[in-house]
Amino acid sequence: MTLADTIFKENIKKIMEQGVFSENARPRYKDGNVANSKYITGSFAEYDLSKGEFPITTLRPIAIKSAIKEVLWIYQDQSNSLELLNDKYNVHYWNDWEVGDTGTIGQRYGAVVKKHNIINKILQQLEANPWNRRNIISLWDYEAFEETDGLLPCAFQTMFDVRRVDGDIYLDATLTQRSNDMLVAHHINAMQYVALQMMIAKHFGWKVGKFFYFINNLHIYDNQFEQAEELLRREPSDCHPRLVLNVPDGTNFFDIKAEDFELLDYNPVKPQLKFDLAI
């Protein structure tokens with residue numbers, strides 16, 4: 001069993017057995033009912049990517065390509081435009097969070113990256129001094145939140161650090177999320193930011209190191225309990241999936257494309273499970 005599958009099962013079991021129920025929940029299901037959840041707080045996981053430990057479960061299929069395309073939309077295009085996400089990447093799951101008839105998700109994610117020139121600043125800082133301890137992406141922008149409606153960012157902070165080991169430089173990353181839908185989005189979010197970590201490492205010709213993942217509120221929605229029990233019953237596949245980025249070292253961050261990524265040795269358990277999302 002992979003580390004990711006072990007952590008996934010442990011978290012599901014902990015939420016189901018020790019979690020508490022939300023109150024006054026904001027989200028709604030498509031039928032209009034309140035989307036309450038069972039949750040735990042303070043979830044942490046550590047993966048050593050350099051040793052082949054990737055945060056993706058084999059207990060159900062995970063849509064990696066669309067997840068990576070979302071990262072490109074946020075950090076390369078630096079956009080909040082749903083038209084761009086739909087037309088350029090053929091990714092449509094953000095459409096449910098459109099703000100009014102604006103065609104956007106509000107001043108969120110890519111709009112905040114562009115507003116503060118975040119990615120260019122991170123790349124410039126790492127180039128000037130890789131060992132500086134100030135490489136932080138923060139999407140938590142109160143001014144932007146007051147400017148428009150929109151879903152507040154779930155994965156809102158990423159920190160980067162480097163280590164030199166036996167002459168090689170390794171890039172580590174720490175992702176912080178305020179909230180995470182354990183069954184649906186956990187591995188999507190984790191692998192998105194592993195992809196971002198890999199892109200930055202490639203830009204400088206470094207190796208990927210460790211990925212640290214902290215979630216403040218890790219939850220399972222109350223219409224997903226049957227799926228949770230099914231996942232606990234499933235036996236993981238005998239495979240060890242790993243994500244690779246097939247571009248030369250030194251490839252410019254902004255030149256990397258979704259098709260440059262390849263998920264190897266991934267044979268997840270089927271059938272896929274269905275989930276009614278909370279909006």
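Placed from the backbone N, Cα and C atoms, the Cβ positions cover glycine too.
Record features, source Swiss-Prot:
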ACT_SITE  Cys154  active site, nucleophile
BINDING   Arg133, Arg134, Arg178, Ser179, Asn180, Asp181, Asn189, His219, Ile220, Tyr221  dUMP binding site
BINDING   Asp181, Ala278  (6R)-5,10-methylene-5,6,7,8-tetrahydrofolate binding site
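The recorded positions shown are Arg133, Cys154, Asn189, Ile220; of these, the one with its CA atom nearest the CA of Asp181 ((6R)-5,10-methylene-5,6,7,8-tetrahydrofolate binding site) is Ile220.
Other Cβ atoms within 10 Å of the Cβ of Ala278 ((6R)-5,10-methylene-5,6,7,8-tetrahydrofolate binding site), summed over all protein chains shown, number 23. In this structure the C-alpha atoms belonging to Arg178 (dUMP binding site) and Cys154 (active site, nucleophile) are separated by 5 Å. Look at Asn180 (dUMP binding site): DSSP puts it in a strand. For the pair Asn189 (dUMP binding site) and Ala278 ((6R)-5,10-methylene-5,6,7,8-tetrahydrofolate binding site), the C-alpha distance works out to 16 angstrom. Maximum intra-site Cα distance, dUMP binding residues Arg133, Arg134, Arg178, Ser179, Asn180, Asp181, Asn189, His219, Ile220, Tyr221: 37 Å. Same-chain residues at least 6 positions away in sequence with a Cβ under 8 Å from that of Asn180 (dUMP binding site) are, in sequence order, Ser43, Cys154, His186, Asn189, Ile215, Asn217, Leu218, His219.
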